[in-house]
Amino acid sequence: MAVRRRTSIPNQTAAQPNPEPGGDPQPPNAAPPADEFSLAPPKLGLILSVLALFLIPFFYLLFVHYQIESDLRYYISIGVALSLVGFWVTVWLIPVAARYLLRRNMFGYDINKRGTPRGEVKVPETLGIVTAIVFLVVAIVLQLFTLTADSDWLVEYNAALACICFMTLLGFVDDVLDVPWRVKLVLPFFASLPLMMAYAGHTSIIIPKPLVPYVGLSVLDLGLIYKLYMIMLVIFCTNSINIHAGLNGLEVGQTVVISFAVLIHNLMQIGASSDIDYKQAHAFSIYMMLPLLTTSLGLLAFNWYPSSVFVGDTYTYFAGMSLAVVGILGHFSETLLLFFLPQVLNFLYSCPQLFGFVHCPRHRLPRFDPQTGLLTGTKDMNLVNLFLRLFGRCTEKSLCIRLLIFQALSCLMCFGLRYILAGWYK
Amino acid sequence: MVARRRQSIPDQTVRSSELTPSNYEAPPTEKEEFSLAAPKLGLMLSILALFLVPFIYFLFVRYPTEIDLRLSILVCIAISLCGFVATVLLVPVAARYLLRRNLFGRDINKKGTPRGAAKVPEALGIVTGIVFLVVAILVQLAVSFLQYNLTADSDWLVEYNAALACICFMILLGFVDDVLDVPWSVKLVLPFFSALPLVMAYAGHTSIIIPKPLVPYVGLSVLDLGLIYKVYMIMLVIFCTNSINIHAGINGLEVGQTVVISSAILIFNLMQIGASTDLDYKQAHVFSIYIMLPLLTTSLGLLAFNWYPSSVFVGDTYTYFAGMAIAVVGILGHFSETLLLFFLPQVLNFLYSCPQLFGIVPCPRHRLPRFDPQTGLLIGTSDMNFVNLFLRLFGQCTEKTLCIRLVIFQVFSCLLCFQLRSILAGWYK
């Protein structure tokens, strides 16, 4: 949700190229003046700590805890290396892109800082486009290393690429043109069509053991309904990240936590299994999630509180689609939904307002008090305000950290749940 | 080439969302301020008929093709026609949104007349691109569901998805270029990145057949290029996208040339299907048809508004998208040499433009002709491109006449290439 108020009338004092016919002092293709605008330095210390916090358990699981084939270890390590290159490219490109985006009046004002000097600053929007493009290039190059031309997974990989790319395109068009929200809702449907085409897996679900006597079957083939489920999953993942937003760093932060959890889950499944296809499915997910994690961290370096850039619907749609795609093609969509628990709860809690039973304002954001610098919860029915009402007022940064901790605890709980239920459930 | 001067200072009357937050999501109500001229549907439908008649003749009468194949191509035509209608419906809607976000230009070739002061919405190629993608996906879904494919789905699914990924990535980069106005050096290399999925997925032969007359000199009749062939593929993509981009600047020229080239490719595909018995070879050309038909119809939908006098401009989004789609079918359909023959005007224009492009001769921002508001005619400058060359060779004329002349030149080129291929086939291969 683009909660930053977008303005169509730009700041009149910003230097603009002269529109007079003859003298166009700034040729359209020249770079915008560099001295007018500079982004705050990226919060690299914080981001690199988060990266280390992830890489250590990841490498431990990859090399020490599990006996994984050496070529798989090799490919995953290449994945990490290329994704780290992607991280640095993202960090390098964002300031460049921000200048171009600002020049084209793609910016917003930070509503949660209104009344303070920072609330008057023009914050460049839609920097998710940088993350997405770097992600696509890294994912493509990574596949050059990990797949041969006749691999079975080339179909899935290209379908995933097409979907994520189409979603990014539609998200960017949305950010630029500001399409009505009804159109926004159905965009993910179109972007997921290549996936429907390519999905050649089983469309059957395993009935939980306790329910088998009631259903009469242990495996139920859903066929076309499963494809419908896939489309719903895509629409859900993209839009749920979009509505669980509005605080500096929340959109990217939740994606980082979820993709981290997915990566650990993938490694655990590879380590615990001996089925080649099953392992390949999770390896495929790793090859997509690693670039997502690192390019998102590159974006977070600028988007973490206080945000120097905003991510736009481009980012939330792109991230949601990537996660949905790996969940579907890796055949672990139920686990994915468990990781999405906060988003599910937020969506359910938001339903009355989303469907109009309760009045729904344009932005369901908390109220900011410039004097104290604290956010106060409103009556809006989303987790952001709920946390403020339950745990009291706090700064925007603390609130975001609390919500991300909730996301992390959710994922941990889901790991625990899965472990407990595995024997009982399947 | 974006020949239209882009504005950075927006119209002061654009409503700001700050003032009316509750109206934030209401569509722009400046309906009274802005409305697009009616699409030139009569002209477009005539062109469509002009193409469909020989196409359907070839498909049903001239060549004995399998019934499955005929039905699948009919399905493709049907869905592509829906794409035509969708494009015609969506262009005015998108134009309003694009104008609201200050994505517009002014028509330099009408400077001095009232039309030269009008704000013309830019980057409408985004509509064509998105409708194309949806149509292409629906065609594949339909054909696969009806099981009309000649070979197993999985053989072509890789190529098809790689093509989709490439074209989609190119549309994305093209639209980012139109919105952000990236420097031209970045513009040049964008197609390289978009082509990567293709290079990865290309599982065909990387060998070329040496022309018979040269065999004694080369010593081989078939030469395996391997990696160099992949480099050739990337060069082809970069060439196709950028060459359409520089053979531009006149109302309707970019879309017009694409319509001609894609029609030629479609006829060529049918001829190859009819003349061959190799299933894989036929599937390659069917695949090309599945991509070129949507390109043709969605481009015609755009041309309905872009033909002289242009109500909308197409943007780099369109030229990159079209160039990529055509390069992709040439590569995956294994007929890239024939494709280059169809691109003859673009090749000549590129070669002729080289001195200016490489800075040996001074190169102005726009290498456009000079417009005389009094007579309404264009006069050729000394710029080294076909637009100006035609004016210098054949004298001053209106913009519409010039565009028609250039499009006719494109048609004759393609006809010549059909002839050439027929003559050389025995001698060359």
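Start at 1 and count along the chain as shown; that gives each residue its number.
Backbone N, Cα and C atoms are what each Cβ position is placed from, and that goes for glycine too.
As annotated by TrEMBL, region 'Disordered' applies to B:1-27.
Annotation source TrEMBL lists compositional bias 'Polar residues' at B:9-23.
Counting only same-chain residues 6+ beyond the ends of the transmembrane segment (B:41-60), those with a CB under 8 A from a CB of the stretch are 70, 73, 77, 84, 88, 259, 263, 266-267, 270-271, 274, 296-297, 300-301, 303-304, 307. The transmembrane segment annotation in TrEMBL covers B:41-60 (among others).
What TrEMBL lists as transmembrane segment is B:72-99 (among others).
Residues or ranges marked as transmembrane segment by TrEMBL: B:120-146 (among others).
Residues or ranges marked as transmembrane segment in TrEMBL: B:158-176 (among others).
Among the features that TrEMBL reports, transmembrane segment is placed at B:188-210 (among others).
Under the heading transmembrane segment, TrEMBL lists B:216-240 (among others).
Positions annotated as transmembrane segment by TrEMBL: B:252-275 (among others).
Under the heading transmembrane segment, TrEMBL lists B:287-308 (among others). Residues 36-37, 39-41, 43-44, 47-48, 51, 73, 76-77, 79-81, 83-88, 91-92, 95, 124-125, 127-128, 131-132, 135-136, 139-140, 143, 156, 159-160, 163, 250-252, 254-256, 258-259, 262-263, 265-266, 269-270, 314, 318, 322, 325-326, 328-329, 332-333, 335, 399-400, 403 of the same chain, all 6+ positions outside the transmembrane segment (B:287-308), place their C-beta atoms under 8 angstroms from a C-beta of that stretch.
Marked as transmembrane segment by TrEMBL: B:320-343 (among others).
Residues annotated as transmembrane segment in TrEMBL: B:375-394 (among others).
Per TrEMBL, transmembrane segment is recorded for B:406-428 (among others).
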Task: Test the contact criterion for the transmembrane segment (B:120-146) and the transmembrane segment (B:320-343): 3 or more CB pairs under 8 Å, pairs 6 or more apart in sequence, then answer yes or no.
output: yes
Distant-in-sequence neighbours of the transmembrane segment (B:72-99), which means Cβ under 8 A and at least six residues beyond its ends: 27-28, 30, 34-36, 39, 41, 44, 48, 52, 59, 119, 121-124, 126-128, 131-132, 134-135, 138-139, 142-143, 146, 148-149, 286, 289-290, 293-294, 296-298, 300-302, 304-305, 311-312
Message: If I count Cβ-Cβ pairs under 8 A between the transmembrane segment (B:158-176) and each of B:252-275, B:320-343, B:406-428, which range comes out on top?
response: B:320-343
